[in-house]
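Colleague: Okay, so Swiss-Prot annotates it like this:
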- K34: N6-(pyridoxal phosphate)lysine (MOD_RES)
- K34: active site, proton acceptor (ACT_SITE)
- R133, M297: substrate binding site (BINDING)
- Y249: active site, proton acceptor (ACT_SITE)
Amino acid sequence: MSLCTVEINLSTIKNNYLLLQDICKTSLVGAAVKANGYGLGAVQISKALIEENCRHFFVASSEEGVNLRNALGLDVNILVLNGVFEHDALELIEYNLTPVLNNLKQIEIWQKFSNLKNRLLPCYLHFNTGINRLGLSSDEIEQLINDRDLLKGLDLQYIISHLAISEEIDNPYNLEQLNRFKAYLQYFPNVKASLANSGGIFLGQDYHFDLARPGAALYGLNPLTKNPVTLKAPIIHLQNLTLDSHIGYNMTFTTKRDSVIATLPLGYADGFSRNFSNQGEVFINSRSVPIVGRVSMDLINIDVTDLPPSEIFLGQEAEIIGNYCTPDKIASIIGTIGYEVLTNLGSRYKRKYIG
């Protein structure tokens with residue numbers, strides 16, 4: 001077991017959810033808990049959000065859906081964003097998972113199993129309005145409009161789409177996607193709709209429709225929501241080095257003075273990127289401490305020379321993620337996004353849930 005601890009504040013996640021629900025007013029708000037709840041624990045987060053009346057949970061795959069269903073029981077809706085495939089259709093039916101159908105082939109597969117089971121099978125349809133990743137194309141949507149038998153045997157519960165650049169509020173592409181979505185929905189007047197991801201919630205009520213699907217904002221990856229995550233690591237080694245001493249693999253850092261160097265037990269095997277070598281920072285008692293030398297598989301070194309001697313000791317905790325170094329701030333150092341920082345949190349870390 002790692003000496004490092006990831007602390008997840010479920011109360012903060014619940015408060016973020018309630019903030020988003022308040023913004024959405026009359027629309028339902030679900031939760032994206034794919035990738036194990038963005039690395040924070042899909043089961044624990046979902047159970048906490050159920051307490052706030054969340055009933056729609058979005059996962060990527062059938063495997064994620066089965067794990068969540070086993071933990072949550074039948075009283076929630078679990079939606080599988082990657083859709084249905086021949087190999088997992090029966091599993092989706094057995095575990096009451098609802099696929100988001102992304103192309104005509106998936107519709108055909110789901111119809112086939114509807115006939116096999118001789119009953120309606122629930123589904124969402126995903127219309128591609130411009131992200132050009134998953135979703136039915138304009139040609140496929142036109143086929144559905146002109147031939148409703150293509151949906152025979154299916155209980156179509158929602159039509160969804162996904163915004164490509166919702167975090168840029170003034171980007172005109174958001175409105176382009178909204179208008180395309182509305183144009184398609186005219187042909188399905190009795191079907192509920194969902195468009196807003198986290199960023200979409202903040203674009204205004206026109207984007208909310210019947211159901212919003214936040215992920216990032218629940219986990220503090222938005223200026224208006226709070227970070228629920230703290231990652232701490234203890235000092236496990238201390239050494240006094242003289243001027244011109246080399247630190248770590250490839251000797252990429254050389255001391256410019258007599259220095260006190262501390263070692264922390266985490267590295268790239270724990271999802272702490274090697275790109276933080278010689279440019280990241282951690283915090284000890286609110287003071288910034290630089291990472292020096294290469295990030296290695298299991299260890300990083302930090303320069304604690306400028307800390308008061310009373311704060312430099314074995315077992316002293318350094319904050320890697322927290323109030324002083326949020327996932328978004330850390331991500332900006334190495335040119336990535338906070339999502340990647342969270343989903344990369346290693347399995348060796350101890351998880352502690354509070355709130």
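Keep in mind that glycine also has a Cβ here, set from the backbone N, Cα and C atoms.
Thinking about packing and proximity, how do these listed features fit into the structure?
Modeller: Other Cβ atoms within 10 Å of the Cβ of K34 (N6-(pyridoxal phosphate)lysine), summed over all protein chains shown, number 22.
Taken residue by residue with DSSP, R133 (substrate binding site) is part of neither helix nor strand, so it is coil. Around R133 (substrate binding site), the same-chain residues at least 6 positions away in sequence with a Cβ under 8 Å from its Cβ are H162.
Around the Cβ of Y249 (active site, proton acceptor), a 10 Å sphere holds 13 further Cβ atoms from the protein chains shown.
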Colleague: How would DSSP class K34 (N6-(pyridoxal phosphate)lysine) in three states?
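Modeller: The residue in question, K34 (N6-(pyridoxal phosphate)lysine), is helix (DSSP, three-state).
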Colleague: Give the distance between the Cα atoms of M297 (substrate binding site) and K34 (N6-(pyridoxal phosphate)lysine), rounded to the nearest whole Å.
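Modeller: Cα-Cα distance, M297 (substrate binding site) to K34 (N6-(pyridoxal phosphate)lysine): 26 Å.
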